[in-house]
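Notes follow the structure.
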Ligand SMILES: Nc1ncnc2c1ncn2[C@@H]1O[C@H](COP(=O)(O)OP(=O)(O)OP(=O)(O)O)[C@@H](O)[C@H]1O
Ligand SMILES: [Mg+2]
């Protein structure tokens, strides 16, 4: 397997706050990896750097064989990177269907009936079909999170970045979410998932990366990582879900 | 299995279309049924409608809250005078040429003011408009600071009789409003219109989904500026006289237009139409009261912004879930039963 995404020596800071500290890792084509770390560790910032919403102070990002460090965000999406936002950013005045249609049309480059059919499939898979005509601005937080994922999926990404989408779900909903993500993964999409709900994460990912103060402090098989005393120490008392 | 399908037209939009066509026929015949003063007023209404529709596209959708579009109104007006007086062009050709020139001029301006954010952008556009005003006041062949009138032979080239000219000015204004609304509507229905609507709601999500924000905004700015200049040309074709203060008036061509869009409903196609009707209804009933009229306008604007931030159309839409211009996509199932 070759690397779809490779991040090398990526650094970013805001004044004294270091959100990425010479971070390096690779994500193989077709992999599913999870990212753990306490609040404020720099997980969302890492997504911002990968998607181009933030520019690094140093380091390099390559995707699908191309150096994308200087490529603008919009182009990166067209190349195949799509993300969900931790704090949902719906197109509030547009319906759920239209939100996802933006992903299908602009991100995936589909048009006409083909785009519409793809969006309907995505809404079906994410459980939003019965809300298709609802204005996104009037959705509940949970549905906004579903919409985040639907919109990203509609862009047909090669690399899907999910940022804390399992929080607040009931057990049944969480099982359904895991099922959805597994299906996406099985269809060949590479996934990086930031999640505090560790049991959901462990049901999907085959590798974990742990970040603290912007620094990658551990990387490896989920079991090894979860048993590591260092990781336990960082998580002790930090997160009750674990 | 998905049995759902997607449609865009609604019953309300089909009815609205029929009413619009009938209204258009009646309005087109106005020179035969309306008096001179009414004809003039309606012409003015159409031109304000077009300006509001354009400003709404730029500010309400692309997020470019300019308070300097009077730069292009005045530019278009002056191009009408300059190109007819010194270029010998027919007035209508001169107005269209003014639009093309405005598009060209707007590109470097955009590159300059797009560097500014929020309030600084607004101030920047206003400064540009002031530069335009001061520059045109320096051109002595166009009357300098006191302005000039459209020469008699140019006026005659429109039509021989005065009533013929007035009818022509009216039809041009009506046509301009129809073209502007039609173009904006057609644009919003395309995939780029979808992208622009996404930008309206969240720029960060839009760029994350593959939309080039800067380029989309530039396109909108250039197109609205060109059309604004054309409307400016038509405004001063009605007035037959131009001066820097009238041409680049921030009050007349921006403040009133913003008022119209805000009370009607910013970021919707219907808003500017309703706003224009409300504005002229207020103006025609209160105009005799002088300053009280402006105070009343201000009071209306404040009440609407506090009580109905999405404008009058926003209220109507939220209440009845209708749209007159079928832009939305509606997902329907064949057997009314929606399951998944
Ligand atoms: N644009 C910014 N400007 C200044 N500081 C920022 C910016 N973005 C993030 N930060 C800071 O960087 C730190 C890391 O933020 P980030 O959102 O990446 O953390 P996180 O690991 O995703 O945390 P959480 O688990 O709470 O979501 C925080 O202290 C945050 O305040
Ligand atoms: Mg985060």
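Cβ coordinates come from backbone N, Cα and C, glycine included.
Residue ranges B:198-217, B:218-237 are listed, and TrEMBL annotates B:218-237 among them as transmembrane segment. It is B:45-64, from the ranges B:45-64, B:145-164, that TrEMBL records as transmembrane segment. Contact check: the transmembrane segment (B:257-282) against the transmembrane segment (B:289-308) gives at least three Cβ pairs closer than 8 Å, residues 6 or more apart, which meets the contact criterion. Most Cβ pairs within less than 8 Å of the transmembrane segment (B:71-89), among stretches B:45-64, B:95-114, B:119-136, B:218-237, belong to B:218-237.
For the transmembrane segment (B:45-64), the list of distant contacts is 73, 121, 173-174, 176-177, 180-181, 184, 187-188, 196-197, 199-200, 203, 216-217, 220-221, 224, 227-228, 231, 234-235, 238, 253-254, 256-258, 260-261, 264, 266-269, 271-273, 275-276, 279-280: same-chain residues at least six beyond its ends, Cβ to Cβ under 8 Å. If one looks beyond the transmembrane segment (B:218-237) by at least 6 residues along the same chain, the residues whose Cβ comes under 8 Å of a Cβ in the stretch are 47, 50-51, 54-55, 57-58, 61-62, 64, 69, 72-77, 79-81, 91, 94-96, 98-103, 105-107, 109-110, 114, 150, 158, 169, 172-173, 176, 180, 183, 192, 196, 247, 253.
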